[in-house]
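Since the structure comes first, as structure tokens, the remarks are kept for the end.
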Amino acid sequence: AFNFAFKGYFQSIFGHSKEKDGYVKCLAGNVASGSAAGATTSLFLYHLDFARTRLGTDAKECSINGQRQFKGLVDVYRKTLSTDGIVGLYRGFGVSIIGITLYRGMYFGLYDTLKPIVLVGSLKGNFFASFLLGWSITTFSGVCAYPFDTLRRRMMLTSGQPSKYNSSLQAFQQIIRQEGFVALFRGVTANMLVGVAGAGVLAGYDQLHRIAYKNEYSFEPQRKNVELR
């Protein structure tokens, strides 16, 4: 919801018309709008993503006392703030911004740019064609941005631990040196399957937009006829 709301706002700032400004400026404007929307959303919601990641990786019981590290969402915030402060909740935020900017920029930007080119003729307004286009773009964007997501999660997991990465660059170097380049893409297949939801959001948003536009369009003539009478 935040992504779509911010996307509309930034599109009013960076958006360009393909007819007036050309294809390149239109693509750049769409990518910039999607990137800004993703970065702004991440700023507000990153701490929740951090808490979700810590709880999701806390499934294994601690070998010392036989208990999990966290008892719930509030406990994640309490323990992280006590050991690392507010910085702990935003560890990995810098590399996350790069990843989300790349992902959302391509996710929204490529879709908005390719939609009027691909979805024409009999494909215009077709939900399944819109869904397949959205899934292709979501998958491509997700694969390109996935290494940044890996770095983000690895840095998140160091909050509250004695050993931490000094920077995302150090995290990248250590992962490459110790586990190889493939480690940056570990779990990317599952991420591609999750992209089905993202494609559904894009296609569903288009359908709702068309329905709302049609209702508004059909309402105006009726109102004018009433006024004429």
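Cβ coordinates come from backbone N, Cα and C, glycine included.
What TrEMBL says about this one:
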REPEAT    25-117  repeat 'Solcar'
REPEAT    125-211  repeat 'Solcar'
TRANSMEM  88-107  transmembrane segment
TRANSMEM  127-148  transmembrane segment
> Cβ under 8 Å to the transmembrane segment (88-107), counting only same-chain residues 6 or more beyond its ends: which ones?
Replying inline: 3, 31-32, 34-35, 37-39, 41-42, 46-47, 50-51, 77, 80-81, 137-138, 140-142, 144-145, 147-149, 151-156, 158-160, 164, 168, 171, 198, 202
>> Six or more residues beyond either end and a Cβ under 8 Å away: which residues meet both conditions relative to the transmembrane segment (127-148)?
In response: 95-96, 98-100, 102-103, 106-107, 110-111, 114-115, 118-119, 172, 184-185, 188, 191-192, 195-196, 198-203, 206-207
